Amino acid sequence: MSKYTILDKINTPSDLKLIPESQLKILSAELRAFLVDTLDVSGGHFASSLGATELTVALHYVYNAPYDNIVWDVGHQTYIHKILTGRKDKLVTIKKDGGISGFPKRSESEYDTFGVGHSSTSISAALGMAIADRLQGKSSNTVAVIGDGAITGGMAFEALNHAGGIKEDILVILNDNEMSISDNVGGLSAHFSKIISGGFYNSIREKGKEVLKNIPPIFEFVKKVETQTKGMFVPANFFEDLGFYYVGPIDGHDVTELVKTLRILKDHKGPKLLHVITKKGKGYTKAESDPIKFHHVAPSFHSGENITTKISKPTYSNIFGDWICQKAAKDKRLVGITPAMKEGSDLIRFSQLYPHRYFDVAIAEQHAVTFAGGLACQGLKPVVAIYSTFLQRAYDQVIHDIALQNLDVLYAVDRAGLVGADGATHDGSFDLAFMRCIPNHVIMTPSDENEAYHMLEFGYEYNGPAMVRYPRGAGIGAEITGSLDLELGKAKIVKQGSKIAILNFGTLLPLAKQLAEKYHATVIDMRFVKPLDEIMLDKVSQTHEIILTLEENCIAGGAGSAVNEYFVAKDLSNKIIVRNFGLQDKFLNHGTKDLLLAQSKLCVENISQELDKLI
């Protein structure tokens, strides 16, 4: 007999609505158990979905998706949503090749109203949907679900300001668990914590309700006017000042209260915000105790069987973490900045050793970059540790605030290139292209851990904006040497061959070496995308017939394009054959990195096929 007696009856939200409300609590427990059992096989984002279980059940119980729009922010918390919307049997394939996405994806399900993976987008998208439906005569409801981490992003406030200003009928649910991935920081987070802590208003409100319940007519009246009397007890609510009808905070794990509240708010027109308090990792003791560790789990995390051994080689993030701690010990001007990615960027040790020189600015990439500019103006040496996919959110600041003024800022760009299971929303496919066109920048692409370490050092000492991009995961195990012969804009010949030259940008050097063995090709580790080693390019063009460029970045506008531009400017394009190999002009689905590289023709077999046609 199945242990999922209620869940087995549910494949769609229509099935969910047939379940008696009295059984929703049991269903929530079954959903958590199913999530544990499934992710123990597949792995995936875990703690966030545990924390949003009752909220997800209540939303699909009250609202009529997909006619009603439920828009999720970031998407880490949507596994329960996927289970309830026809993907229960596919959950075991999540983030696998050919399986379902780890995030909401419009092409995957009509219930996924808006594709997501980055934060702070839900309110803007939901507002657009609400207005579009209204203009087309639809009577649908629109809900945006956003966490207390994501709501610190500036875009969320822009959308709140717009929605409140035009009085659009939209519900924003603030899922407040006091923790996104890393601990939340900033004034707004402190504001939420103060509300949760049980201040005077919440105390008197609950005690007053107990008394007034004995006088039903007055109790009902007070409930209706409650929001109008808040000012008697507390300062004007932040969200009400933005034009929202504010309700909360309420218990996000009381499914009965959630259903009741959502039904009331469904009939209340205009902008409203429901503030729910949840616990990340709810229902799984270890995840409740350490939600950061259990934010994402590997297969067998629960059963303990076939536990993957730890990676013996350090990751590129570890290399950065070591470098910044060592450099900070030598240079008191160094300050480290991250937009809410302390763990991912390996800044934990730095934050502990140098708390007054460590700044987690929350999910605020634009602010992170300009903040770094301000620090640089006053003589400090800021290092911005940021994922490639998030750097693109601060593009204007990179150009206008840093490059234009030639400020001394080092970008340590993590997760450059393909990231694998997280898919297109998290791939670092574009940074070389969008950074290369900006004046005053130095751009470096290390081929191994040792180059990464010394390029960070070089970029730090360089007087002006500099960027070092490195991939997710471990490298080849290169030893960190005491020094490295590194000169601005100078490449290194790794292997001398003939006829074919392979210009490598980044960590595809092992691939270049494999090709060189097969074709007796010259291999050059270019090291710098900007400035290019033009002397080396001149030499190669004079001594070789075919030139290949390799990069884990989009071909359009990338490092290979820079090589092409140089050869065209020198009138060499008709004298040599140049082929660029990099990421194709399309968004890739999730899968293993090796598979995605092969799909991008970045493997020996595919490149050999192209070479054989040219020889």
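Glycine is treated like the rest: Cβ placed from N, Cα and C.
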Same thiamine diphosphate site per Swiss-Prot - residue from Glu365, Glu449, Glu451 joining His76, Gly117, His118, Ser119, Gly149, Ala150, Asn177, Tyr284: Glu365
DSSP-derived structure type at Asn177 (thiamine diphosphate binding site), helix or strand or else coil: coil
Among Asp148, Glu365 [binding-site residues], residue with fewest other Cβ within 10 Å: Asp148
In sequence order, the binding-site residues (His76, His118, Glu365) whose C-alpha falls within 10 A of Asp148 (Mg(2+) binding site): none
Farthest-apart CA atoms of His76, Gly117, His118, Ser119, Gly149, Ala150, Asn177, Tyr284, Glu365, residues recorded for thiamine diphosphate, distance in Å: 32
Fewest other Cβ within 10 angstroms of its own Cβ, chosen from the binding-site residues His76, His118: His118
Assigned element (helix, strand, coil) containing Glu365 (thiamine diphosphate binding site), judged by DSSP: helix
Long-range Cβ environment of Asn177 (thiamine diphosphate binding site), under 8 Å and at least 6 residues apart: Gly51, Gly147, Asp148, Ile277, Thr278, Lys279, Lys280, Pro291
